[in-house]
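Trainee: Please see the structure below; I have some questions.
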Amino acid sequence: QQISWTPLLVLGYLFYLLLGAMVFQLLEKQAETHFRDQFQLEKLKFLQNYTCLDRQALEHFVQVLMKAWEKGVNPEGNSTNPSNWDFSNSFFFAGTVVTTIGYGNLSPSTVAGQIFCVFYALFGVPLNLAFLNQLGKALNAHLLTLERWVQKPGRAQVLLAVFLTTGTLLFLVFPPLVFSYVEGWSYGEGFYFTFITLSTIGFGDYVVGTNPNKHYIPVYRSLTAIWIVFGLAWLALVFNVGADLMERYLQLKWHKSDLSLAEGDTTKLEDEPEQPRIHIPS
């Protein structure tokens, strides 16, 4: 009887989460403590420089800033900052809803907007999945067509390498250069934003088109939303290939283990002729 590899996958999954938790805690906790102490020090200096304010008034102002940020209003700049809900930004927000990225830096504040967002996502998320599925099938079909056209051993691996390399350049390598130039980020920050966005993780710590000190072209965020859609399709296909390879690897390992156990049982039965033999197919 074949042993299921599912328990191994579950244990590996839990181990991966525990490993990630330990590494993130190791890397980030000390930095968070430093920033927290630095922030408290800055508040203390502010109170010392402006003696007309007391701590309670300062804490109230900090709460006002936090509430403004939660509502999508950048505390920097002034009232002339471009609206978060012009057509270009609204188009970008609609894309983050149906793709389930959800940066978290902007959300509907009206009851009507919140209710509409629920139903918009209810129908938009399946529509987006269907669209990405068809786009992935089209990419697969082109790869298969090229493979049949080549019809030579080893070319399938070459085509896969070309597909991965081209997609990596178009969606992961070149876009950070653009974001670094437009947003003023480092290349590492742009690359981080690119992957976090296309993988639909969407932390919201980096979002394009939100700096009030910069003047963006009107279609900047709309073009970014289109890039996100096609990048999602490519990265989802890469993830599917990776998951398929991982499952095949685990199944192959367990299948070999099962065959070894079966051969051992067969040998044992041959040493004891009084017991009935069991034929185990290869």
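From the backbone N, Cα and C atoms, a Cβ is placed for every residue, glycine too.
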Trainee: Choose the correct range: of 47-66, 87-106, which one does TrEMBL annotate as transmembrane segment? Give that range.
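Mentor: Matching range for transmembrane segment: 87-106.
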Trainee: Does the transmembrane segment (112-132) come near the transmembrane segment (6-27), with 3+ Cβ pairs under 8 Å (pairs 6 or more apart)?
Mentor: no
Trainee: Please list the DSSP helix, strand and coil residue counts for the domain 'Potassium channel' (80-139).
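Mentor: Residue counts in helix, strand and coil order: 41 helix, 0 strand, 19 coil.
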